[in-house]
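Notes follow the structure.
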Amino acid sequence: MERYDRQLRLWGALGQDSLNRSRVCVVGPATPLLQEVFKNLVLAGISSLTWLKVECAVQSGSLFLAELKKDLEPLASKQLEYEENDLRKTLQQPQYDWTRFSVVILTCIGEQTAMLDLNEIRRQRGTKFPPVLNTFVSGFYGYIYLVLSETHFVLQAHPDSKKYDLRLQNPWPELINYVDTFDLSKMDIATFSGIPYTVLLMKCIAKLERDGNNGRITIDQMKKVLDQICLPLGNDVIYEPNYVEAKRYAYLACSQNDCCKELEDLLRNLEISDYGNDWHDTYNYEILTLLLTLKNIAKENGELSFQPLTGTLPDMESTTENYIRLKKLYEVKAKLDKSRVEESLARSKKIVSQDVLETFCSHYGEVRKILPPKSDLLGIFSTSNALLDALVMVQFWEQPAVTAEDKDEFIGLRVDDNYSVMAFFGGAVVQEAIKLITHHYVPIDNLFLYNGINNSSATYKI
Amino acid sequence: MARETNLIKIIGEDNFQKLRSSKCLLVGAGGIGSELLKDLILMEFGEIHIVDLDTIDLSNLNRQFLFRQKDIKQPKSTTAVKAVQHFNNSKLVPYQGNVMDTSTFPLHWFEQFDIIFNALDNLAARRYVNKMSQFLSLPLLESGTAGFDGYMQPIIPGQTECFECTKKETPKTFPVCTIRSTPSQPIHCIVWAKNFLFNQLFASDASENEEGNKDWGTDDAEEIKRIKQETNELHELQKIIISKDESRVPEILHKLFIQDINKLLAIENLWKTRTKPTPLSDSQISGSSKINKFDSNSVGTIHEQINHFIKITQKLMNRYATEQSHIDFDKDDADTLEFVVTAANIRSHIFNIPMKSVFDIKQIAGNIIPAIATTNAIIAGLSSLISLRVLNLLKYAPVSKFTDLNMTFTAKASNLSQNRYLSNPKLAPPNCNCPVCSRVSRGVIKLSPDQLKKIKLSDLISLIRDKYDYPEDISLLDASDQRLLADYDFEDLNGRTLSEVNLGNGSIILFSDEEGDTMVRKSIELYFDVNDAFPHDTCKLPDIRIPLVKSSETSTNGDEDEDNDVATTTDKQEDGGIVILDEDEGEIELATDPLDDSKKRSANLEGFGEPSSKRKKLTNESADSDIIELD
């Protein structure tokens, strides 16, 4: 795994394992884009590849990979499983096994019939069809369009700012007892300075509740109460790092819930009808099973919701002893919550792999859901977006490689392909494939447009 | 290999000829560098020079697609050039070296290029190349990636912001006492094991360290005394390593994890608000012969850590003898990593800090930044593409002013709320408070080697003062390491010659007006171009005019620039991590890296015995704060 050390740190051993086991199908003519896509797939650790070729009269662009298979082999850590077939013939085989692919990537498909045929095959297979990433580049422009056949669940979204699951507003009994062991009225500043700020915040919330504040707490209220309970120890208290932290993180007490609100919505809108056995991707099935299990647990206990505690505590100013006791509390509770999930799964006789269960429970707040688009592969034909429209025109109806026209709305659209833009798209489309295969990070939902003249991009949902 | 060139059609015959006759410099042949080299070749740049210091490592192969298993340990630059031959149509010139090495790459060497592409992995070299681009007014395309994030910034000297116009994340530092006496987080123990213990045992030259004015992070005289004494005693431990006597390894354990901890416990002041450490017991350090292999993802018991520590120390002891009495820590050298892991974990255990797995410690100790091929491909594609516009080769998209171009950040992979995948702010004009591109004038001073040995520092000061009309009160710094050479109350060096104060080819000095009335002469930065070819009496200052500026302009701090958070976040990712103990500074610096040459240079000056100027002042608010940042 040493070879993949730098990327393991992004998606973990589980994500890398998914990549190693995955099969990817790349469809299209021999273009620089296609070779960039293959190169990036193999580098990421994907070793099972199928190329459905489109014969192309014009050799477009420069190739640095002279013979695809031979040149890809040294980039892989294990033997490549590589197949090459003709696209048109493949589309005519009703028995062709498309479901074995984790992702299908279409690169610069210029024939409308191929697109129609593939769309029809996809429609017939229902949800059991891999996600399709359709990408096309012309001149300085291009698009990537993701078409899912089933709901995609992200196991770990890796949001920008990590939200810690602290449960300040709804502590469990052991945590309450711990907070109560600190009596601020009988302590000197030295002892005070060793108390974790989360304890101070929970004391503030408790006091606000005692004082009859039932509504939403504001930051001002928190800061005021913080001073009320801390300043009696002496005015120097405001220089203590834990007091400073409590002030800085006072906002944590004001959001309705420590964990994301979007997740509650996700759970609420989750219908049992979403649930069938016809899943193309096991992870999607497993994550949905886990989400439904949480719903069940809440229902059985007459609770509004049940969210397993993630169990990680951020670093904070504290004595080591206080910190370790607090950390233990969170760890024990997280373990307990996880075992509740396991028990409920067992009762309903559902099986979920241990790795997914662990990640799910320890990063519960990072689960995301992406629905299949309302349109299908043909969605690109009926849009009101001017750039996409122009690109689709070039893709299916116009001769490529017309020289630049000044009057064009998009300068440099109808010029020859240029390697840099192709390399950019090769990186971007494989980036999305990796997100889909690993279930880490949120993929583009669902159309990405790029303008290489002014380096801008946008994503749309169609 | 014959191939049809698309680019002629895209940019036209005349511009294509311009491209074919242009020379570019690619600094770095790693992740972005491999991708850029391929893109630049396929764009048909006439001549590409590639500089890289590194050799190839197994963990590069997940993205640096030009390299193979068989190339491991080979230089990156030359290997990359060999690997692209079959599709190459440009003149390629590889160099294995440090771009900051002024003897190989003097200023006039940079002059030959039309454009520079940075594909670097460290702040120091980025700053250096930025400075060269400013000295020579060469366009620079700066780039970097960390995991799914990446950025690309065109820098056109005089027209757009330079690399230093926005504040970069400065290295994190720790006070000595946190590392040596009162660790409270795993990182403190890792820094101790890697930068202090490992270096003292295997990488130091066993000479006694001179103690300057350290920032100890404590005023406790007893504690400082203890730390100094401990350092001396460590030299004794190094003698055990030199002895190659494997049976003495438990003595090392005894000293580090029992004796030293007991001494710490004796300083009661330290433990008033902290949990006391628990030294190992004698029975624990006896070790056992049974050793299981470490699982890199789990932590193991303290007992296992101790056994592994003994075994790996014995192994390193033998290596020390065969490797010229010097082993450097390297995250990819499994032995050195295991030593740091076990030593850090044993110390953590003693201080009631959670132990960490090999995988985690490797990331912290090795300054590992996640890296993938796809992000590098994206950034390299963007960087090569915009070079066409920076060189103004696209007729149908002419560039009238460079601030119409933009830089690009890939949005966090998971952040789609803004409906954007790339953010592309327009380039800003230079920040008028930028210490690199705006607040100083710049020029090259030409000297013969003879003059370097002859001219005294005071002579140089007078020459500059007279030539540019500076007042009496000035200051002179060696800009490469912020070393003070002279100011109104420091004239000790004035009698020495330039070579005696370690100025030579490639040195950069900063000369400033310190009178500070309403109007001051702008500061000047002078690059030393020392060349044998010059007549022996050459000492030529550049013929430039240095304007008077309002003094408020020069003294305003550029702190507001922190708002430019895009730039700062990227750098945080990039440079966070590595830890270097800089003994003479008395602080421990995070986020420098092995290429950081200025570090080594300042270390060389150690024996010089002169007070060093500290422009970077420590904001040491409390002895307990874990991290002290340079401002």
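Even glycines carry a Cβ here, placed using N, Cα and C.
Taken from TrEMBL as is:
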type	residues	note
ACT_SITE	B:CYS177	active site, glycyl thioester intermediate
BINDING	B:28-33, B:ASP52, B:60-63, B:LYS76, B:121-126	ATP binding site
BINDING	B:CYS162, B:CYS165, B:CYS434, B:CYS437	Zn(2+) binding site
COMPBIAS	B:581-590	compositional bias 'Acidic residues'
DOMAIN	B:5-436	domain 'THIF-type NAD/FAD binding fold'
DOMAIN	B:280-362	domain 'Ubiquitin-activating enzyme SCCH'
REGION	B:551-631	region 'Disordered'
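The two recorded residues, B:ALA124 (ATP binding site) and B:CYS434 (Zn(2+) binding site), show a Cα separation of 17 Å. Using CA atoms as reference points, the binding-site residues B:CYS162, B:CYS434, B:CYS437 were checked against B:GLY31 (ATP binding site), and the closest is B:CYS162. Among the recorded positions listed (B:CYS162, B:CYS165, B:CYS177, B:CYS437), B:CYS162 has its Cα nearest to the Cα of B:GLY28 (ATP binding site).
The number of other CB atoms found within 10 A of the CB of B:ASP52 (ATP binding site), across every protein chain shown, is 26. In sequence order, B:ASN62 are the recorded positions among B:ASN62, B:ALA124, B:CYS165, B:CYS177, B:CYS434 whose C-beta falls under 8 Å from a C-beta of chain A.
Per-residue confidence over the domain 'Ubiquitin-activating enzyme SCCH' (B:280-362) averages out at a pLDDT of 85. The Cα atom of B:CYS162 (Zn(2+) binding site) lies nearest to that of B:ASP121, taking the recorded positions B:ASP52, B:ASP121, B:CYS177 as the candidates.
Counting in whole angstrom, B:CYS437 (Zn(2+) binding site) lies 22 from B:ASP121 (ATP binding site) by their C-alpha atoms. Taking the mean position of the Cβ atoms of B:CYS162, B:CYS165, B:CYS434, B:CYS437 as the Zn(2+) site, the remaining same-chain residues with a Cβ inside 8 Å of that point are B:GLN134, B:GLU161, B:PHE163, B:GLU164, B:PRO430, B:ASN431, B:PRO435, B:VAL436, B:SER438. It is 26 Å from the Cα atom of B:ASP52 (ATP binding site) to that of B:CYS165 (Zn(2+) binding site).
When the alpha carbons of B:CYS177 (active site, glycyl thioester intermediate) and B:CYS165 (Zn(2+) binding site) are compared, the span between them is 34 angstrom.
In the three-state DSSP scheme, B:ASP52 (ATP binding site) is classed as strand. Around the Cβ of B:ASP121 (ATP binding site), the number of neighbouring Cβ atoms within 10 Å comes to 23. Counting only same-chain residues at least 6 apart in sequence, those with a Cβ under 8 Å from the Cβ of B:ASN62 (ATP binding site) are B:ALA371, B:ILE372, B:ALA373. Neighbour counts of Cβ atoms within 10 Å were compared across the binding-site residues B:ALA124, B:CYS162; the minimum falls on B:ALA124. With DSSP classes pooled into helix, strand and coil, the tally for the domain 'Ubiquitin-activating enzyme SCCH' (B:280-362) is 46 helix, 0 strand, 37 coil. B:ALA124 (ATP binding site) falls within a helix when secondary structure is assigned with DSSP.
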